[in-house]
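> Pasting the feature list from TrEMBL:
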| type | residues | note |
| --- | --- | --- |
| TRANSMEM | 40-58 | transmembrane segment |
| TRANSMEM | 224-247 | transmembrane segment |
| TRANSMEM | 259-282 | transmembrane segment |
| TRANSMEM | 318-338 | transmembrane segment |
| TRANSMEM | 350-370 | transmembrane segment |
| TRANSMEM | 382-401 | transmembrane segment |
| TRANSMEM | 408-424 | transmembrane segment |
| TRANSMEM | 444-463 | transmembrane segment |
| TRANSMEM | 470-488 | transmembrane segment |
| DOMAIN | 501-711 | domain 'Metallo-beta-lactamase' |
Amino acid sequence: MYFAFAAICGIASLLAETAWLAGIGSCLYGLFIILRKRNIFPFCTLVFIVFFALSFVAEQRNVTSFSSNQTSFYVRIISPVQIDGDQLKTTVRSGREKLQLIYRLSSEHEQAQWQRLSIGMNCSFTGQLEKPKRATNPYAFDYQQYLYRQRIHWLVKPNHLDMAHCHRSPLSLIEQLQVARQKGIDYIRAHFPNEASGFVQALIYGERRDIDPSLMSDYQTLGLIHLLAISGLHITLLTGGCFYILIRLGVTRERAGTILIVLLPFYVVVAGGAPSVVRASLMGLFVLIAMKRNFSLSALDAVSLACLVMLAKDPYTLFHIGFQLSFIVSASLILSSSIISKENSTFKQLFLTSLISQLSAWPLLLYHFYEISLLSIPLNVLFVPLYSLLILPLSLFSFFIHLLLPKAGLWIIFLLTKILNITNDVVEMISTIEWFTLSLGRPPVWLVVFYYVVIFFFFVCLEKKVRHRLHWYAFGFVTFLHFAFPFLNPVGEVVMLDVGQGDCIYIELPYRKAVYLIDTGGTFLFSEEKWKKRQNEFDIGEDVVVPFLKAKGVRTLDKLILTHGDYDHVGAAETVLHSLNVRELVVGKRNERNELEQQIVKQAKKQNILVREVGRGDRWKVNDAIFYVLSPNGEEKGTNDGSIVLYVQMGGARWLFTGDLEEGGEQRITSTFSALPVDILKVGHHGSRTSTSQPFLTHIHPTVALISVGRNNRYHHPHGDVIERLQQKRVTIFRTDEHGAIQIRYRKKISTFTTFPP
């Protein structure tokens, strides 16, 4: 374990985003080794240097040989082909470099045709190379970084794919195993009901794409998602079952062990090669080799060796969440085995196993998913035996029996489906209970380290059965610190999120005295043929706005301000209302509202949320921040000029948030308010030609302009005339299509502007 941690320090000190913190941690770890295990310090230092060097070599070699002007490609398909609606996606190899292929299907016939595309086929086509998209919002998934760590630098988008230009060629051993895996998955899809198919695929082949996304989210929220990953339990069941069958067939124990040693690496490929699969298989492999060679190998040594082997093969594996969770939970359970074994009661052992697993994963789950369920410990006590003793064995049994005796297999499949339906109904029902979900937000890295120091102390106290409850108080303190951190933070911020062609602005006052959201953005969903629809359509609310708020640890919005009823401003409002507590919904005074606005207001009232209409002359104050409503007056024609316009004094600056205000509305404001100095302007209507007029700019004289606009949008916003007017006034321009989200932080005055990516 000491060497494994030294390897982790070596990799993190070079490759981690917070490499400086990893460097400090490495020095402290070295000091710890000197004080506790001086005799192994030279070996730990050597391991650190070796893995630092391996990381350096990996980084130096992780470069592309392609250029963006290449248009002709000859590639080999090296991963399962995924067809989701009108999109085809797979990983291909061209020469020695991997590319991510994405192709837009043009017809249902073409969709059916490309179902025949499989691993090992070679195809030629013309197309374009594009760089993967960087994360353009705080806390968002960075697709470019994700692919980079798989040594993929380009997306290749064919102009047209033709089956006549694709041909089969001899398969390597690994490709043959991948094809066999895909055939097994296809067999399950063809013979198991939809309710069971995705779960059986996950439990046998590690394939979770066919599980309903909302159900997957429920399992994730309740801390049960690990049940759907192949782990040590699967390896134990499979190796134990194979060993028993081989013995019954008359194979000697020694030869049976040799056969299993040979077969386990093949199973890694067949099971999808996820980090948890590799870790469990390597541990099983090392234990079998140790038994064969008659030497003692502890579980801790096995997990450490597995860690070293995986990181030596690919240092980037360290940053895979599956790797992190698999090893931290496994190591914690092994180190705490004496705590569990001391209990005679099976229930107590299950409870302690669940407690240790959940506590060890707690900081990582919060870092990656921002929230955790307090029900995860008792639910794991119930669901782990259910999956271990019933659902997993039934899944394996039903699959193999159906292969051999299809009619007999149907009865087992029927039983399995009924059990899964009941189980999933319970999961869905419990996931709706929001009281037990702890939304703390993403902890900073230093707090993650602090969490693990306290958790280590907690486990030590459990092992020694100390009578005082200091370990409980310590864990409670660090959790409370995480919860309270935003309320102790003197820094306020404004974030214009990148929501494409729409608006969404987050305002947080210092010490979290108030949290507001101005508009929510919205994804236009055009009516499409059934075959084009994807399993999980992108949604601005579910995929951008709500995750951002949860990452901030926001549980309650003091005000959700909807400037007007256009879909690109309020399309995700209902998602926000369902996902967070909202104290007040603020809408503008107007004679009539469109259908979408009426629906949102109705939903808010149904949830007992205060709905407040505001108009010119309204204002409110929170500490030093003052919010003035300049518009509407309720008599405007058209929704754009009826937008709520806010003039805000905060952070030592004067802000103007204009919604979709156009020239007519601007004229009314300038004629009503003779003096209206502005430092930071949110440009109206995404920079359309009919807004941000010359007289308006002369009147307010801003120094910074923020434009929320979609990349390559059909309206060609922002208009060139608007940009020219702003440049003539020497206004600094920030645009979400070019800069991503724009974050402005302040204490007593504006301090930093940050863009995503920077």
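Each residue, glycine too, has its Cβ placed from N, Cα and C.
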> Please indicate, using numbers and ranges, the residues of the same chain that are 6 or more beyond the transmembrane segment (382-401) and have a C-beta under 8 Å from a C-beta there.
188, 192, 199-200, 203-204, 224, 227, 233-234, 237-238, 241, 350, 353-354, 408-409, 412-413, 415-416, 419-420, 423
> Against which stretches of its own chain does the transmembrane segment (350-370) lie, if we need a Cβ under 8 Å and a gap of at least six residues from its ends?
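Apart from its flanks, the transmembrane segment (350-370) reaches 139, 220, 223, 226, 321, 324-325, 328-329, 331-333, 336, 339-340, 343, 376-378, 380-381, 384-385, 439-443, 447-448, 451-452, 455, 458-459, 462, 475, 482, 547, 550-551, 553.
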> Counting only residues 6 or more past its boundaries, what in the same chain has a CB within less than 8 Å of a CB in the transmembrane segment (408-424)?
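Distant contacts of the transmembrane segment (408-424): 191-193, 195-196, 199-200, 215, 383, 386, 390-391, 394-395, 397-399, 401-402.
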> I need to check the long-range neighbours of the transmembrane segment (224-247): which residues 6 or more away from its ends have a CB within less than 8 Å of a CB in the stretch?
199, 202-203, 206, 208, 211, 216, 253, 255-257, 259-260, 263-264, 267, 271-272, 274, 276-277, 280-281, 283-284, 288, 322, 325-326, 329-330, 357, 376, 379-380, 383-384, 387-388, 392-393, 396, 427
> Looking only at residues six or more beyond either end of the transmembrane segment (318-338), which have a C-beta under 8 A from one in the stretch?
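Beyond its ends, the transmembrane segment (318-338) has Cβ neighbours at 1, 8, 11-12, 15-16, 149, 226, 229, 231-232, 274-276, 279-280, 283, 299-300, 303, 306-307, 310-311, 352-353, 356-357, 359-361, 364-365, 368, 459, 462-463.
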